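The block underneath contains the structure these notes are about, expressed in structure tokens.
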């Protein structure tokens with residue numbers, strides 16, 4: 001669920017999804033288009049692609065099992081959908097942590113109209 005994804009992001013980056021990631025670049029937040037702006041935005045692009053593989057699942061609201069221990073996120077057992085959504089969220093949160101050194105405040109609340117270039121495909 002979105003709330004669980006927010007907790008994973010906070011665990012990995014020490015930043016809240018809102019405001020730091022909800023409207024970042026061209027892909028973080030709802031939807032996405034054109035070319036990712038940087039490594040952080042690319043994490044969101046890959047997360048969107050991961051969700052596209054599970055379109056029959058309720059990616060925004062399905063509650064899944066996971067734990068945050070010893071610096072790691074571990075997804076638990078559940079339905080196929082819940083396990084896949086958890087993995088998408090876990091991988092994205094870890095990606096955002098790895099991208100912290102290149103995070104740019106200037107890409108927060110980035111207007112869609114400034115997203116340029118051809119859209120990438122998953």
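Each Cβ is built from the backbone N, Cα and C atoms, and glycine gets one as well.
Computed from a predicted structure; not experimentally measured.
Feature annotations, reproduced from Swiss-Prot:
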ACT_SITE  47  active site
ACT_SITE  89  active site
BINDING   27, 29, 31, 48  Ca(2+) binding site
DISULFID  26-115  disulfide bond
DISULFID  28-44  disulfide bond
DISULFID  43-95  disulfide bond
DISULFID  49-122  disulfide bond
DISULFID  50-88  disulfide bond
DISULFID  57-81  disulfide bond
DISULFID  75-86  disulfide bond
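Structure coloured by features recorded in Swiss-Prot.
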residue: 26; record: disulfide bond; CB count, 10 Å: 27
residue: 29; record: Ca(2+) binding site; CB count, 10 Å: 18
residue: 43; record: disulfide bond; CB count, 10 Å: 25
residue: 48; record: Ca(2+) binding site; CB count, 10 Å: 20
residue: 50; record: disulfide bond; CB count, 10 Å: 18
residue: 57; record: disulfide bond; CB count, 10 Å: 18
residue: 81; record: disulfide bond; CB count, 10 Å: 15
residue: 95; record: disulfide bond; CB count, 10 Å: 17
residue: 115; record: disulfide bond; CB count, 10 Å: 18
residue: 122; record: disulfide bond; CB count, 10 Å: 10
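Candidates 81, 89, 95 (recorded positions) were compared with residue 26 (disulfide bond); none lies inside 10 Å Cα-Cα. Here the C-alpha separation of residue 86 (disulfide bond) and residue 31 (Ca(2+) binding site) works out to 19 Å.
The Cα of residue 115 (disulfide bond) lies closest to that of 31, out of the recorded positions 31, 47, 48, 89. DSSP gives residue 75 (disulfide bond) a strand state.
Considering only the recorded positions 31, 44, 75, the residues lying within 10 A of residue 95 (disulfide bond) on a C-alpha to C-alpha basis are 44.
Neighbour count (other Cβ atoms within 10 Å of the Cβ, all protein chains): 23 for residue 44 (disulfide bond). Here residue 50 (disulfide bond) is compared against the recorded positions 27, 29, 31, 89, and the shortest C-alpha distance is to 89. Local packing around the Cβ, expressed as the count of other Cβ atoms within 10 angstroms, is greatest for 86 among the disulfide-bonded residues 49, 75, 86.
On the backbone, the CA of residue 75 (disulfide bond) and the CA of residue 27 (Ca(2+) binding site) stand 24 Å apart. Summary of the Ca(2+) site environment: with the site residues 27, 29, 31, 48 set aside, the chain residues having Cβ atoms within 8 Å of the Cβ mean position are 26, 28, 30, 32, 33, 44, 45, 47.
Cα of residue 88 (disulfide bond) to Cα of residue 47 (active site): a distance of 6 Å.
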